[in-house]
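Structure first, commentary second.
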Amino acid sequence: MLSQKIIDRKISQNKYKSVEYIYKFIINILLVGHIISFVLLVIFDLGLSIYSLIVLIFSFYIKYKYNEKFQNLVSLWFHINTLILSAIFTYKFGWNSGFWYFVFGLIFISYFCAFDNLIFTYSLSAFETIFIVSLYFFTKDKINPNIDATTYQIMYITCFTITFFIVFRMYLFASIITSQDYKSLIKEQLELEKISQYDQLTGILNRRSMQKLVEKDEEFIKKNKIKTNGVLLLGDIDDFKHINDTFGHIYGDKIIKDVSNTLKNTFRKNDLVCRWGGEEFLIVLNDVNVEFIYDLSDRLLKNISLIKLPNNNPITMTFGMVVNLNSNSNSFEDNIKKADELLYKGKRDGKDKVEIEIIR
């Protein structure tokens with residue numbers, strides 16, 4: 001279910017400052033690299049200076065409009081431009097110029113700023129390895145007659161030094177990200193996220209999270225005009241105050257936890273189970289076969305009755321169930337209100353039952 005994926009989503013590296021520094025560092029490399037490339041292209045009259053100028057302007061744009069959504073774009077942009085410029089300068093000046101080192105550096109840089117798809121990342125690294133080998137065979141004997149041996153040595157050492165600096169700088173950023181402090185921070189963030197989404201006593205969804213997830217599901221269903229049968233159940237533990245008064249609040253908390261575990265085990269993995277408040281629980285089911293509604297109700301009450309009090313009496317619950325056929329226009333609030341009315345009707349009529357209303 002869409003909503004379940006939303007809950008399970010972990011905090012990504014995007015939210016940690018050092019990751020942002022990596023991508024901004026890459027953008028700065030692009031800027032400096034294209035300024036130098038533009039100068040070299042003009043001085044040596046190699047053509048493509050307009051291309052370098054356009055890329056330079058676009059890189060400035062990305063730098064000042066940067067946000068975390070651009071990370072894959074920045075990585076791809078960096079790879080493509082490095083490949084193009086390395087190929088141009090290696091072809092013009094030969095293998096001994098050292099410009100191929102930049103492609104070699106790309107393979108290592110992929111480790112620090114991988115794409116969301118690992119297969120794509122590994123495929124790109126493999127392609128860049130083949131690219132270097134191809135460059136070698138095409139340019140190993142090529143020498144530009146206008147450049148002397150000393151200049152070649154300077155170019156070679158400069159390319160190696162720049163590549164080493166870039167990879168080493170990325171390594172320093174990555175060291176921060178993978179440090180113990182970073183891991184502790186991520187752990188704390190995950191714990192805070194869990195606290196904000198889940199009920200502390202039972203570990204199931206809390207009221208706030210349930211409301212957000214159901215709203216997202218409703219929006220998705222309406223937007224895509226999906227026809228599905230939805231069910232909302234609002235349940236309350238019968239005589240819970242008496243249980244607390246008789247056996248104590250600690251045992252009352254145990255009953256609430258036992259009920260939440262029973263509800264989770266009764267419904268499907270992707271169904272939403274929430275502690276709505278106190279001894280009330282809310283369950284939302286999507287894509288339900290209406291023919292099994294009554295069987296589900298019987299199984300639900302039977303499973304709840306397996307929870308026993310110290311005097312061996314069974315726990316009972318009363319539920320109000322609203323069944324919406326073909327995603328009718330009833331809002332979440334309307335369904336809650338209707339389920340609440342059904343719940344209290346069940347309480348008045350003797351408890352330990354599921355009051356059902358089907359809305360067509």
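Note: Cβ is positioned from N, Cα and C throughout, glycine not excepted.
Heads up, TrEMBL stuff is auto-annotated, nobody curated it.
Annotated features in TrEMBL:
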DOMAIN    228-359  domain 'GGDEF'
TRANSMEM  21-42  transmembrane segment
TRANSMEM  48-64  transmembrane segment
TRANSMEM  76-93  transmembrane segment
TRANSMEM  99-115  transmembrane segment
TRANSMEM  122-139  transmembrane segment
TRANSMEM  154-177  transmembrane segment
Mean per-residue pLDDT computed across the domain 'GGDEF' (228-359): 93
Tally of residues which DSSP labels helix, strand or coil - the domain 'GGDEF' (228-359): 59 helix, 36 strand, 37 coil
